[in-house]
Amino acid sequence: MNTLLPTSTAVHEEEAQKQPTNYNNNHVDADAGALFVLKSKGSWMHCGYHLTTSIVAPPLLSLPFAFTFLGWTAGILCLVIGAATTFYSYNLLSLVLEHHAQQGRRHLRFRDMARDILGPRWGRYFVGPTQFAVCYGAVVACILLGGQCMKAIYVLANPNGGMKLYEFVVIFGCLMLILAQIPSFHSLRHINLVSLILCLAYSACATAGSIYIGDSSKGPKRDYSIKGDTENKVFGIFNAVAIIATTYGNGIIPEIQATIAAPVKGKMFKGLCVCYVVLIFTFFTVAISGYWAFGNEASSLILTNFVDNGNPLLPRWFIYVTNIFTIVQLSAVGVVYLQPTNEVMEQAFGEPRRPEFSPRNVVPRLISRSVATASATTIAAMLPFFGDINSLIGAFGFIPLDFILPVVFFNLTFKPSKRSPIFWLNVTIAVVFSTVGAIAAVAAVRQIVLDAKDYRLFANV
């Protein structure tokens with residue numbers, strides 16, 4: 001990525017390197033959130049595990065569904081653009097973070113970064129709340145999806161069973177309640193390594209299952225035409241874009257980079273390379289094989305297509321294993337996206353001058369994290385249609401945080417020449433994705449209105 005920097009930026013970097021480097025957080029003045037949750041002890045490989053867990057998650061199983069609104073050409077093009085743009089923007093964000101760290105101001109949180117670059121109001125009233133909504137919404141979505149996968153196993157094993165969706169959501173929420181007590185982001189490194197393996201496993205299962213069904217007579221007759229009238233087709237395109245943007249979304253790049261031990265230079269790029277090797281393998285294979293096998297009948301979760309009216313199209317054990325892989329990885333994804341919430345609560349209730357595991361810090365930590373997880377579980381159980389709401393959060397949250405703000409931060413920090421290609425590339429990305437985000441938000445609101453007639457609290461869907 002450094003080869004893309006204009007000459008003025010390279011000079012700026014050289015000047016920054018001549019300045020005294022202070023990579024250590026100021027532990028005298030640091031708050032409990034920075035000290036206890038965002039510990040800077042990890043390697044670039046650990047960073048790769050965190051990135052992969054936060055991006056390569058079960059929402060990728062909805063990519064064939066996004067293709068039903070786009071078709072082959074536009075679908076693959078959107079996947080390529082999403083991969084290229086996010087890899088580029090995440091690297092820009094990392095370069096900005098490295099630059100400030102070399103100047104002795106290492107930012108550990110997205111809102112701190114926004115406050116320093118855009119001003120205090122942007123950090124407090126836009127970036128901070130937006131990130132919190134995105135991350136907490138992701139936790140709710142993980143708990144809901146975990147409950148749905150557990151119910152899928154139950155229904156397949158016991159078609160006449162009487163358990164409801166909200167019961168499985170509560171069971172998954174109990175697992176999350178235990179994992180939520182893991183003290184710091186860095187402590188998740190081994191869990192996130194397992195998560196990386198699991199995402200490869202269920203993606204391979206989803207791909208193999210789709211190919212098997214598509215190559216047999218069991219699947220539906222393949223039709224790749226786009227359904228609906230002109231209005232539905234247009235809004236469907238922007239719904240699909242929101243789904244893809246949310247799938248590529250991260251929203252916690254600064255917090256992940258905060259887990260890296262100093263010096264940080266170049267480590268995030270290596271971590272991103274690990275993540276995107278996994279991403280390219282999983283996203284493209286699942287999207288292409290799922291859409292090839294089921295066409296415009298691909299469901300919002302491709303695993304649902306493996307069962308037709310209660311009849312499994314694959315061996316039962318294969319469906320069980322795929323869902324179990326998905327459930328376990330969802331628990332890791334949920335606890336990763338709980339970290340910004342944990343950090344905020346630790347900052348509010350923790351005491352940085354007392355030991356991390358003193359009763360003064362352990363008791364508030366246990367209570368606050370338990371309340372946050374229980375609240376997310378309650379929302380997931382009450383609102384099983386949360387996917388519609390999450391699309392809106394994705395349009396308002398992931399697109400600004402992951403597509404727009406990184407290029408804005410880079411231009412404001414390094415001030416590349418207005419004659420340089422990188423300046424206009426960044427401006428183009430910001431303008432295009434601002435427009436796409438606004439239209440995707442309208443499309444998400446429209447979908448909520450259309451589906452509102454089917455909304456019921458604690459619905460057994």
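Every residue, even glycine, has its Cβ placed from backbone N, Cα and C.
Because TrEMBL annotations are produced automatically, they should be read as predictions rather than curated entries.
Annotation comment: TrEMBL describes 1-10 as compositional bias 'Polar residues'.
Per TrEMBL, the feature domain 'Amino acid transporter transmembrane' maps to 41-446.
Under the heading region 'Disordered', TrEMBL lists 1-24.
Annotation source TrEMBL lists transmembrane segment at 69-97 (among others). Sequence-distant contacts of the transmembrane segment (69-97) (same chain, at least 6 residues past either end, Cβ-Cβ under 8 Å): 1-2, 5, 55, 63, 106-107, 113, 117, 224, 226, 233, 236-237, 239-241, 244-245, 247-250, 253-254, 257, 264, 268-269, 272, 276, 279-280, 283-284, 287-288, 291, 402-403, 405-407, 409-410, 413-414, 426, 429, 433.
For the transmembrane segment (133-157), the list of distant contacts is 57-59, 163, 165-166, 168-173, 175-176, 249, 251-252, 301, 303-304, 307, 310, 312, 316, 319-320, 323-324, 326-327, 330-331, 333-334, 337-341, 372-373, 376-377, 379-381, 383-384, 386-387, 389-390, 393-394, 396-398, 401: same-chain residues at least six beyond its ends, Cβ to Cβ under 8 Å. If you look up TrEMBL, you'll see 133-157 (among others) marked as transmembrane segment.
Look at TrEMBL and you will find 163-182 (among others) tagged as transmembrane segment.
As annotated by TrEMBL, transmembrane segment applies to 194-214 (among others).
TrEMBL lists 234-253 (among others) with the feature transmembrane segment.
Feature annotation from TrEMBL assigns transmembrane segment to 273-294 (among others). Nonlocal intrachain contacts for the transmembrane segment (273-294), taken as residues 6+ away from its ends with a CB within less than 8 angstroms of a stretch CB, comprise 45, 48-49, 51-52, 55-56, 60-61, 63-64, 66-68, 72, 75-76, 79, 83, 87, 196, 199-200, 203-204, 206-207, 210-211, 213-214, 219-220, 222, 224, 247, 302, 305.
The transmembrane segment annotation in TrEMBL covers 317-338 (among others).
Within the same chain, residues 136-137, 139-141, 143-144, 147-148, 165-166, 169-170, 172-173, 176-177, 180-181, 338, 341-342, 345-346, 348-349, 451, 454-455, 457-461 sit at least 6 positions outside the transmembrane segment (366-386) and bring their C-beta atoms closer than 8 Å to a C-beta of that stretch. According to TrEMBL, the transmembrane segment annotation covers 366-386 (among others).
Marked as transmembrane segment by TrEMBL: 392-410 (among others).
Look at TrEMBL and you will find 422-445 (among others) tagged as transmembrane segment. Beyond the transmembrane segment (422-445), the same-chain residues lying 6 or more positions past its ends with a Cβ under 8 Å from any Cβ of the stretch are 4-6, 85, 88-89, 92, 235, 238-239, 241-242, 245, 388, 391-392, 394-396, 399-400, 403-404, 407-408, 410-411, 416.
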